[in-house]
């Protein structure tokens with residue numbers, strides 16, 4: 001391996017090292033800086049993967065990204081193949097795109113000059129209130145991504161056999177490497193030197209390395225006429241990259257003199273407007289030899305590209321170089337031409353011709369548009385929501401007159417637009433809006449940018465602006481309130497209404513779909529496209545009378561817009577509900593003797609229907625002669641007072657009929673139970689009268705049941721429970737007889753020592769409330785062995801009865817129960833007092849008479865004793881039979 005050893009190599013290397021050191025220690029190597037001309041400079045390496053951050057413009061420009069509206073960043077539109085970077089429109093961050101940045105492809109002339117490669121961008125800061133034009137320069141650093149390449153796969157070098165040792169032969173087909181500096185070709189070496197060759201490297205004034213083959217031993221063509229090995233070119237990368245070619249060394253016979261150029265370095269300046277065929281330079285080489293050995297021919301080296309060969313013609317005899325093609329005036333360029341002077345059997349002499357092409361302004365002025373808004377084929381599309389002073393495009397005027405004469409740029413056409421010079425840069429014009437655009441008013445505009453120079457030349461550029469519709473109009477209902485009436489019991493899926501809304505926007509943005517609001521019951525269905533509203537089930541007014549919910553009309557734009565309408569559905573009544581009593585049946589408890597037309601009870605009835613369908617009339621189907629019902633309140637009344645003793649329970653059928661057509665009805669049964677009132681005193685059934693009597697033998701033992709008092713009460717309950725008591729005794733010894741208070745059983749309590757008539761006044765009383773009622777009965781017991789004189793006994797009984805009547809009639813209890821006597825006879829107390837007095841006197845008279853009669857009867861008592869003993873059993877048998885019959889009647893009752 002050999003290092004670089006050419007002249008000037010050390011000094012040039014030190015110079016390049018200082019340049020690189022200064023470049024890396026400058027502010028460009030660390031971060032971007034913001035110039036007064038709104039320029040940002042970034043530095044990256046070539047070949048970075050897609051998405052690599054290049055720089056953040058928002059931060060480097062110290063912009064406040066939290067403003068409202070937000071700051072936006074935009075790049076002019078380019079072909080996808082030209083887009084090496086992507087821009088985040090909100091943060092201003094620049095990233096590498098899918099197109100890999102190759103410095104050698106992007107800046108081929110920079111590789112030739114060994115200069116820096118710059119990617120220039122124009123970035124727009126939007127919207128219009130923040131608008132700026134920012135020039136961004138991206139310095140692309142070289143990386144070792146290319147290996148050295150030889151122009152041909154096989155290199156031929158001819159060396160005369162009489163060549164002296166240490167003679168040097170240039171290998172013209174040297175390798176090239178597009179990379180710069182240390183990444184370029186650094187050295188060459190041979191795989192096999194055969195012991196007779198070595199390789200050295202020289203650097204010319206242009207910094208290019210040329211390998212030289214050096215002969216280190218004598219050659220003999222007759223011994224070996226050619227040597228074949230590989231020549232290796234190595235760059236300075238880490239790791240280094242290699243390039244290989246086959247080196248074929250041919251041993252020939254040579255002359256002893258070879259051509260030499262008078263100038264090995266020739267510089268040519270070429271203007272872009274140079275005409276075709278103009279001579280650029282003439283090269284001159286000489287050979288001291290004579291004859292055929294002095295013939296010189298000129299030719300381009302194999303390293304000269306075909307494009308340069310075609311553009312610059314070299315006369316092989318005279319060495320004249322002429323312009324053979326048209327120079328591209330749009331871009332400046334640099335060409336390097338290697339010319340060889342060939343002599344017979346000689347190594348070619350080498351001359352380097354450098355052609356500098358200078359760009360000149362020629363031809364008429366040119367308007368170059370750079371669109372900020374979306375553009376395709378000269379048609380710009382703008383949203384109608386863009387605010388006033390929104391930038392549309394930049395127009396750059398090129399080929400302007402350099403002598404200070406001003407070029408005028410104007411805008412022709414109607415519409416809210418203006419074209420004005422941009423304040424920062426020269427020959428830059430900004431086209432922007434002056435008012436908001438409205439698609440509904442106008443959809444397109446045709447504008448003309450007119451350029452006039454002082455010579456009267458007019459150049460026009462036509463622009464068509466299409467206003468892009470946005471979803472800026474919400475649908476509008478024809479009716480914001482939709483009221484619908486429908487009868488209940490409708491069939492399922494019945495049509496209710498069709499809602500209609502319109503939207504002024506175009507295409508899908510103006511298409512309306514209909515949706516139910518979140519408050520809509522699930523039974524309602526709304527067709528999304530037609531707006532037809534239906535109900536999926538039958539409605540029941542008694543369940544719900546009114547439905548109220550929202551309906552939405554939504555367009556298909558982005559973002560979607562909507563409007564609301566209110567739907568009110570009223571369910572009309574039908575007579576589909578019969579009246580209903582609140583109870584299946586009714587039972588009323590009423591005290592007897594209840595006054596006529598008094599309210600017995602209320603029958604509550606309901607009907608879920610409304611209006612006449614819910615009006616209910618009540619009627620009594622049976623018992624209407626006794627009862628009457630109030631249709632309005634449902635109050636049941638009796639026409640006359642009711643007596644429980646006549647009928648204790650009434651069963652009524654009540655019918656409720658509504659007012660619908662046809663009418664509906666229902667029935668209920670009403671039971672009226674009369675509660676007993678203590679309005680009946682007990683009725684004594686036995687003894688049958690106060691004048692009946694019973695013979696009691698004097699020999700009857702104490703504790704013997706003598707007779708019984710039987711009584712009944714027409715009332716019920718406690719009003720019918722009877723209690724017996726002896727309230728007065730007459731005759732015989734006091735306390736001889738006693739009565740059971742519950743059964744009325746009269747028993748003998750002590751032995752009978754006196755004979756004669758014993759009279760017991762028995763009170764028969766009920767347990768009624770608030771005041772019990774009672775009756776009295778006289779129980780006559782005749783103590784004797786026989787009844788000898790019945791007429792006498794009857795006379796005694798008659799007197800006793802009258803006496804008892806005077807004292808207290810048996811029906812006193814019944815009379816006292818009759819209400820309102822005092823009202824009928826206002827002097828009743830006086831009459832009663834007089835009656836009692838008369839009765840008292842009458843009783844005294846009767847008592848005296850009875851006493852006298854008794855004295856008279858004692859005289860013939862013994863005379864009648866025998867006859868009484870015969871008649872007594874007969875009378876007892878008859879009386880007992882009568883008692884048994886009464887008991888049977890009582891038990892039946």
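Every residue gets a Cβ built from N, Cα and C, even glycine.
Given the structure is predicted, the values throughout are model-derived calculations rather than measurements.
These come from TrEMBL:
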type     : residues : note
DOMAIN   : 36-150   : domain 'Cadherin'
DOMAIN   : 151-261  : domain 'Cadherin'
DOMAIN   : 262-367  : domain 'Cadherin'
DOMAIN   : 374-477  : domain 'Cadherin'
DOMAIN   : 478-581  : domain 'Cadherin'
DOMAIN   : 582-684  : domain 'Cadherin'
DOMAIN   : 688-811  : domain 'Cadherin'
TRANSMEM : 830-854  : transmembrane segment
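For the domain 'Cadherin' (151-261), residue counts in helix, strand and coil come to 3 helix, 54 strand, 54 coil, using DSSP. It is 36-150 that, among the stretches 36-150, 151-261, 582-684, forms the most Cβ pairs under 8 Å with the domain 'Cadherin' (374-477). Within the domain 'Cadherin' (582-684), the DSSP-based counts of helix, strand and coil residues read 4 helix, 48 strand, 51 coil. Mean per-residue pLDDT, taken over the domain 'Cadherin' (36-150), amounts to 83.
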